[in-house]
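Undergrad: Dumping the structure here so I can ask a few things about it.
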């Protein structure tokens, strides 16, 4: 049985690891609202727009909600970074993240993903803890820390896929992947929910506590991961003989062998792999736009105050978390009962995900503060549709080649990191005021 098995322990620990990786990725998106003073001395046109927005806020969106949010932010703010600097800080993570994808996929497939991920999580924790010091020293030092953090965090998904390739039987792949990749969603929920409160009530001027706490929890995970997890069922000291035999016979003996040579040419000329790359890239554009811009959208466009902002920014990810767990079980059930083939499940779930996401996210752009409840509902619907990719492109790497799953995810995630580099910049360019 899956529950109380060693593969469940692996999935649960990977879930927590992904959770903590995303707390480090997202925390700056919330903290930066408390770190940076609101813009002063803007042009008359911008001031007029702000006055108009404030009037709308007072009359129809709650009395001076936007002004209260700016007041709370300015009390703890220490920096005068302009919009370009803030956007560059947010994307610097992805400049580091993109470089470690393919190398870490190869290393995880060749040598195992356990220790590689553990070492990089240790580096990530240190980066989080030194972030307040670096920001107060010089913005370029903050750039460097975010770059190193992204470089270390980039090994996460290739390592996880390499481990799942060794541990996930065919009829449990969607389920195990869904639980594992629910970790980032819970990381978003926790970070958005708590960071707004820490901004106002936390230690070290509020925003500093966000980075210190996320770093400490990462350190605790590093210790637990080292003690509880193994690269393969054959190497696990506490796995039962029955579970080891079940996994090895379900996946195939060849998976347990180390990858000696990677067929790069065959990979890059594979049509199915290019389909996964396309799906991964398109999905991540929406994902990264929400991750980096949602708190600012809640504050500046919908006029929610800082405490409301955190909870409401987390709500779409809570909906996605619940939906993604059900999607994994549903997909595995359809496969196990023979209702659909693997190919049909992957294609239908992915297409349903993209159509729903596209409609909802486009409609959100039409909302203003007078329709902010509808905007939040549409954002929640958008993320629910996004959860269907858990049984689409996200797990398809394991179907195509379990032995090379880490390498394949490194390839697709390299392309899918490009939206993380450009989405915040594009959002900043499109919203100068």
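Heads up, the Cβ atoms here are built off N, Cα and C, so glycines get one too.
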Undergrad: If you look at how TrEMBL annotates this chain, which of 251-272, 273-294 comes out as transmembrane segment?
TA: 273-294
Undergrad: So what's the average pLDDT for the domain 'Major facilitator superfamily (MFS) profile' (9-433)?
TA: 82
Undergrad: Name the range, of those listed as 6-28, 116-135, 141-164, 314-335, 373-392, that has the largest tally of Cβ pairs under 8 Å with the transmembrane segment (210-230).
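TA: Of the candidates 6-28, 116-135, 141-164, 314-335, 373-392, 116-135 scores highest.
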Undergrad: Mind checking which residues reach the transmembrane segment (116-135)? Cβ under 8 Å, same chain, six or more beyond either end.
TA: 17, 20-21, 24, 27-28, 35, 79, 100, 104, 107-108, 141-142, 144-146, 148-149, 152-153, 155-156, 159-160, 204, 207-208, 211-212, 214-216, 218-219, 221-222, 225-226
